[in-house]
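Undergrad: My questions will all concern the structure given below.
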Amino acid sequence: MTKKPGGPGKNRAINMLKRGLPRVFPLVGVKRVVMSLLDGRGPVRFVLALITFFKFTALAPTKALLGRWKAVEKSVAMKHLTSFKRELGTLIDAVNKRGRKQNKRGGNEGSIMWLASLAVVIACAGAMKLSNFQGKLLMTINNTDIADVIVIPTSKGENRCWVRAIDVGYMCEDTITYECPKLTMGNDPEDVDCWCDNQEVYVQYGRCTRTRHSKRSRRSVSVQTHGESSLVNKKEAWLDSTKATRYLMKTENWIIRNPGYAFLAAVLGWMLGSNNGQRVVFTILLLLVAPAYSFNCLGMGNRDFIEGASGATWVDLVLEGDSCLTIMANDKPTLDVRMINIEASQLAEVRSYCYHASVTDISTVARCPTTGEAHNEKRADSSYVCKQGFTDRGWGNGCGLFGKGSIDTCAKFSCTSKAIGRTIQPENIKYEVGIFVHGTTTSENHGNYSAQVGASQAAKFTVTPNAPSITLKLGDYGEVTLDCEPRSGLNTEAFYVMTVGSKSFLVHREWFHDLALPWTSPSSTAWRNRELLMEFEGAHATKQSVVALGSQEGGLHQALAGAIVVEYSSSVKLTSGHLKCRLKMDKLALKGTTYGMCTEKFSFAKNPVDTGHGTVVIELSYSGSDGPCKIPIVSVASLNDMTPVGRLVTVNPFVATSSANSKVLVEMEPPFGDSYIVVGRGDKQINHHWHKAGSTLGKAFSTTLKGAQRLAALGDTAWDFGSIGGVFNSIGRAVHQVFGGAFRTLFGGMSWITQGLMGALLLWMGVNARDRSIALAFLATGGVLVFLATNVHADTGCAIDITRKEMRCGSGIFVHNDVEAWVDRYKYLPETPRSLAKIVHKAHKEGVCGVRSVTRLEHQMWEAVRDELNVLLKENAVDLSVVVNKPVGRYRSAPKRLSMTQEKFEMGWKAWGKSILFAPELANSTFVVDGPETKECPDEHRAWNSMQIEDFGFGITSTRVWLKIREESTDECDGAIIGTAVKGHVAVHSDLSYWIESRYNDTWKLERAVFGEVKSCTWPETHTLWGDDVEESELIIPHTIAGPKSKHNRREGYKTQNQGPWDENGIVLDFDYCPGTKVTITEDCSKRGPSVRTTTDSGKLITDWCCRSCSLPPLRFRTENGCWYGMEIRPVMHDETTLVRSQVDAFKGEMVDPFSAGPSGDVSGHPGSPSQEVDGQIDHSCGFGGPTCADAWGYHLH
């Protein structure tokens, strides 16, 4: 029998019927009660008591407690608070009675009172100081005085004051002064932390503590991000974290706009990989590398080789920071030219910004309502910042009336840390350059500058604007002359050197001037905009606290991300910029050419070493003592065939001394692949096997890349230029093409048909090859060859071939052929038609009625996208149509600009397909492109020059040019399609519209100009040759129609042709006689006037012409409608009514032609003195040395 569980409860271990309270430690119970009250739970009276406690101790109650307080009904709250007030009154009465009882107990009442008063005064004197402020009593206290009542004896009796401020610290510069008002009996203090019972006084105390800094504002200054610097720089930019994102975006755009290249890269990547993982990796790497080579040549080579053509006496150099150029020429010693340092001194201070300020000596003056406006006397001190306002006053803070009282707070501003901006003066930039001869150098002297200077194998010099030319003597090697153009390539007017703490940065001028920080000028000590680093906190009845913002150094450093870091102490070392020099080698000579060959044995002192630049350095030890003698050294492909391959960088190496075991360093460039370095003759010959990785095709590609990198470094200020294929003669003259550069280097002399056939042949050989590697190589090479032969490639620069009259932007060719017709292969496209349609809509709402095209290519772009824009406008319910009219005359300018917007219009597939077949109907409102000026859409309401080239794409028949909206307003032409060059005695300024050619014959003068169209933008100075100190009145092609401000745009005897026939089509400006006419120079000829056509309205030829002091042959304009003469050449004795005059005035409204308005008999009309005038020209001596100055510079392609 089993026993049932259970039983009496009393016998169980735990009696469930009589379970007692749990045993809890008393403190734990108290904690639980307090925590529940803090959470707002419990009796109302306890909650209100706890809130009162927090109020008295100036502690912040919890959110739950405040929530319970707000939920208490008004009547309940008033009931409990009234009882609190009664209890407080009882306590006050008890304290007062206690004081009276103690006084009654004393036997000697007068003595005790006197001693007590004396003790109080002594205590006050030890802890408190009394003075005057604003005509009232001022007590200066510390943190020990606020625990008790402060008693101040006055003539009216004791003045008892209570200070309950929580920011009282020890006395320091950070002080605050404000008024303690007088409160009458029975009034509780309200919005004051200091009050007295007899009369008001001012209180002053320091706010410093031993444990922490002064109170600071949590606010920070918003500093605009500096952004990526436009300068090409050798060093990494500061905190530059944006390049990776931008590069990925650039890769995406490149793939979208160059699908042919992207497809080719994907195919190559897929063929290179042996499994899917490798194929994906290779494809991604190729796609990432391709746009870097195509558009943004990252990284700079440390050493470049420049080969001078045979018989050359000079070579143009472009020296960059930390770069070294090795110059090799036939029958000349090899030179190393190194840019050692670019330094700017005597920087002028422009402005200082305060990024860390301190606030001291705060004082507040307050007034009651109806007692007048508060005035703080410290307002008169310029070092103080003051602020006036109003506060609520009443019985609880010392005023008899309730209302708004005036308050005036002042605080002293002082700057703790400041950032200083300095400007670089171009005349204070100096360049330190070193030249080293590849002569006989021992390993001990290699790199030893002092030893090489002693052996006349090296020299160091400084180039400044005041000393741009220098001649260096190199001992037995002769002498070398450098004529340098001291232009750093750094626009000193656009950048400042900004020093923040211990770091200095090169920052944009506009960004620097727009900083929202207090600033001061060097000539002043007063800070402006000081309130940016100060915060006036909320005003209380008689007190207002002022705090300073924390240091903004971190924010500045963050905002400077992308700026270039520079070193600055008393001078700044620049890492951006370049120096153009012409190195004259006519007086250089090889040393040791008459020495005999060394006959004894050589040995390799060390194994040959790769320099990393494709060359090898060999240290040889010579056992003989028959020196000086020449070293027989050569590089051969095979020991059985001693035909030299490769070349010597150290030209004519020799042993300089007759001592045995002398060591010599020799540098040579072996060929790609396997070769042997052979030293010595006969049985004493030694050799060393050498393998050089790479290929000739790869070198051609890297050579082109070098030219692209140099262009990236120089920007638009200088560009070495040579004709197609010139890469074999001068690496520094590589054509700026990337993929196509190597292609044209190897196959540039062939026609595209031959190139295509060769590619097809390689493809056929690849298909039939048995070896897989060879087949893939043939297929890849043939495919690339066919692709490059049949496509027009992309690029970002323009090149000029003067002899072939050819200009290339990308590979699109702009040919000026024998019949002087322009053939272009360019097509302008907007970034996206959807965004352009939205931009047009936005501009129309802002009052822009249309646009004026800058060039005919832009006009063609509007024609091409007109229907698509109209469909987009119609699909988005916009009653507006784009109307493109035929341009009349030259392309005129307009004052307004289109503005960028991030919004886009949307269009469905159905509407897009319909737009291909049908043009949309014309809307009620129109947006007019070009055409004649009308009352409906005058030029003053049109936009112009709103687009700029963003990128170049590719196509089968044309180079695609992608346009984007300009961010800034400018009148300059787009520099992306401009090329400028000097070669020999010919200088050219050219773009897709102009070919302006000048020649040198005793002096430089304009020879010819061909205009595809005439535009109204201004030629940028960055693409202008010889543009120093040019008078606009001497420019034959006016600068208002894109005439370059260059001395190449001049001709003796002629002034600016502002009234030439610029509205005609197909203009060719040259210097010759119009058919069937003659021109004579006579003083009786009439003065300048608008250009006149040589045929009348009826077609009759005007044969006789004259000029006052022009030069012959005369200036003429050949157009589609006939031949015109320049403004100086006038018809002789002809009916004025039948003449066909030019109706153009290229000058703007405020400009006046001074020559047409000159006195009779003076063709020039200019203010030059007779001693200065030569044939109507003012004689200006050339800044570079007279008539040969322009030829003294190799102005190569910009």
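Here the Cβ of each residue, glycine as well, is placed from N, Cα and C on the backbone.
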Undergrad: Tell me which range among 254-274, 905-925 Swiss-Prot lists as transmembrane segment.
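TA: Range annotated as transmembrane segment by Swiss-Prot: 254-274.
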Undergrad: Do you know which of Cys484, Cys629 Swiss-Prot records in a disulfide with Cys598?
TA: Cys629
Undergrad: Identify the disulfide partner of Cys484 as annotated in Swiss-Prot; candidates are Cys386, Cys399, Cys581.
TA: Cys581
Undergrad: Quick test of reading the record: Swiss-Prot lists a disulfide for Cys399. Which of Cys368, Cys386, Cys410, Cys415 is on the other end?
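TA: Looking through Cys368, Cys386, Cys410, Cys415, the record in Swiss-Prot gives Cys368 as the partner of Cys399.
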Undergrad: Can you look up which of Cys1085, Cys1110, Cys1123 is joined to Cys1106 by a disulfide in Swiss-Prot?
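TA: Checking Swiss-Prot, the candidate bonded to Cys1106 through a disulfide is Cys1085.
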Undergrad: According to DSSP, which of helix, strand or coil covers Asn1001 (N-linked glycosylation site)?
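TA: Strand, per DSSP.
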Undergrad: Out of Cys354, Cys399, Cys849, Cys1085, Cys1110, the disulfide-bonded residues in the record, which is closest to Asn924 (N-linked glycosylation site) when you go by Cα distance?
TA: Cys849
Undergrad: In the region 'Hydrophobic' (37-72), how many residues does DSSP put in helix, strand and coil?
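TA: Residue counts for the region 'Hydrophobic' (37-72) by secondary structure: 24 helix, 0 strand, 12 coil.
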Undergrad: Counting only residues 6 or more past its boundaries, what in the same chain has a CB within less than 8 Å of a CB in the region 'Hydrophobic' (37-72)?
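TA: Contacts of the region 'Hydrophobic' (37-72) (Cβ under 8 Å, skipping residues fewer than 6 from its ends): 80-81, 84, 166.
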Undergrad: Show which residues of the chain containing Cys973 (disulfide bond), separated from it by at least 6 in sequence, have their CB under 8 Å from its CB.
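TA: Sequence-distant Cβ neighbours: Val854, Asp991, Lys1015, Cys1017, Thr1018, Trp1019, Pro1020, Ala1042.
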Undergrad: Measuring Cα to Cα, tell me the gap between Cys399 (disulfide bond) and Cys386 (disulfide bond) in whole angstrom.
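TA: Answer for this pair: 24 Å between alpha carbons.
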Undergrad: For Cys410 (disulfide bond), which of the listed recorded positions (Cys368, Cys386, Cys484, Asn1001, Cys1107) have their CA atom within 10 A of its CA?
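TA: Those close enough are Cys386.
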Undergrad: Enter the number of other CB atoms within 10 angstroms of the CB of Cys484 (disulfide bond).
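TA: Total other Cβ atoms inside 10 Å, all chains included: 23.
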Undergrad: Could you check which of the recorded positions Cys368, Cys386, Cys484, Asn1001 is the closest Cα neighbour of Cys354 (disulfide bond)?
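TA: For Cys354 (disulfide bond), the spatially nearest of the recorded positions is Cys386.
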Undergrad: Per DSSP, to which secondary structure element type does Cys1123 (disulfide bond) belong, with helix, strand and coil as the options?
TA: strand
Undergrad: Could you state the CA-to-CA distance between Cys368 (disulfide bond) and Cys386 (disulfide bond) to the nearest Å?
TA: 19
